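Chemist: Here it is, the structure, as structure tokens.
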Amino acid sequence: MTASSVLLHTGQKMPLIGLGTWKSEPGQVKAAIKHALSAGYRHIDCASVYGNETEIGEALKESVGSGKAVPREELFVTSKLWNTKHHPEDVEPALRKTLADLQLEYLDLYLMHWPYAFERGDNPFPKNADGTVRYDSTHYKETWKALEVLVAKGLVKALGLSNFNSRQIDDVLSVASVRPAVLQVECHPYLAQNELIAHCHARGLEVTAYSPLGSSDRAWRHPDEPVLLEEPVVLALAEKHGRSPAQILLRWQVQRKVICIPKSINPSRILQNIQVFDFTFSPEEMKQLDALNKNWRYIVPMITVDGKRVPRDAGHPLYPFNDPY
């Protein structure tokens with residue numbers, strides 16, 4: 001039986017399986033949170049840009065707190081600072097909006113969602129006439145210093161990064177008085193992220209995998225892309241262990257001590273996704289899954305510019321995915 005959480009350098013325990021809420025529609029996410037809490041989840045991953053924190057807050061208000069089903073101190077809640085709120089003056093108001101929406105007094109973890117800043121304001125995707133994004137020059141190191149104030153004020157217990165590469169992580173560490181505790185990135189057997197995970201672990205950061213099942217429900221999905229849940233190695237292990245393909249993918253991660261936040265609104269899949277602590281893979285089975293790595297990235301935000309689909313931010317100097325890791 002594997003431990004079901006990792007210890008952050010802050011002393012907090014972070015559950016290895018959490019419920020992801022990206023692409024969970026309002027009208028569905030409240031029920032999903034309640035199903036997850038009753039299935040034993042104690043980790044919820046949110047973000048202001050997902051547009052559903054108000055409804056998540058309704059579920060938390062009904063289920064979490066003194067005299068409710070789940071004591072607040074048993075729940076680990078993550079949210080993320082969006083790109084339009086990187087200016088130091090905008091950081092605390094953005095967090096306070098998230099806290100108000102989630103109906104919480106503090107967050108367990110607050111992540112910078114991306115390394116680059118968009119133009120300030122309340123439109124999450126400010127665009128030029130040709131469809132390209134309008135950026136802001138605020139550097140993530142300035143944003144980080146503003147995030148540190150939130151810890152001092154007791155509004156956030158730990159800070160972290162999302163979609164940063166190894167060089168950018170070290171850049172943040174060079175100015176940090178509050179060290180990042182977690183890096184959240186896309187990660188699954190097709191994008192194993194071994195170098196990046198080793199880099200993080202050597203510096204005291206834990207790693208959370210988003211889209212651990214391969215994210216086949218994205219709007220910009222390519223018809224020819226590989227489908228992770230149909231990978232023959234995964235299907236063979238699922239049959240051998242009497243498990244679902246999703247459980248195979250999640251077990252591989254938790255056995256590597258990588259946190260996962262699979263998104264689901266389906267009660268039976270929500271339950272299935274946390275039932276990964278009562279079986280283990282042999283070293284040979286882990287090697288079979290490790291061998292699937294092809295550095296295949298599903299999550300590259302796309303936009304339409306002059307009628308063509310192009311990566312949204314690939315030309316930005318702080319775009320994280322041009323480096324090897």
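A Cβ is built for glycine as well, from the same backbone N, Cα and C atoms used for every other residue.
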Chemist: With respect to Swiss-Prot, which of the residues K68, K127, K308 bears the note N6-acetyllysine?
Modeler: K127
Chemist: Looking at Swiss-Prot, which of K145, K157, K294 is flagged as N6-succinyllysine?
Modeler: K145
Chemist: Could you check the recorded positions S4, S38, S211, N273 and say which one's CB has the most other CB atoms within 10 Å?
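Modeler: The largest 10 Å Cβ neighbour count belongs to N273.
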Chemist: Using a 10 Å radius around its CB, how many other CB atoms surround Y50 (active site, proton donor)?
Modeler: 21
Chemist: Given the recorded positions S4, P15, D45, Y50, which one's Cα is the least distant from that of K127 (N6-succinyllysine)?
Modeler: Y50
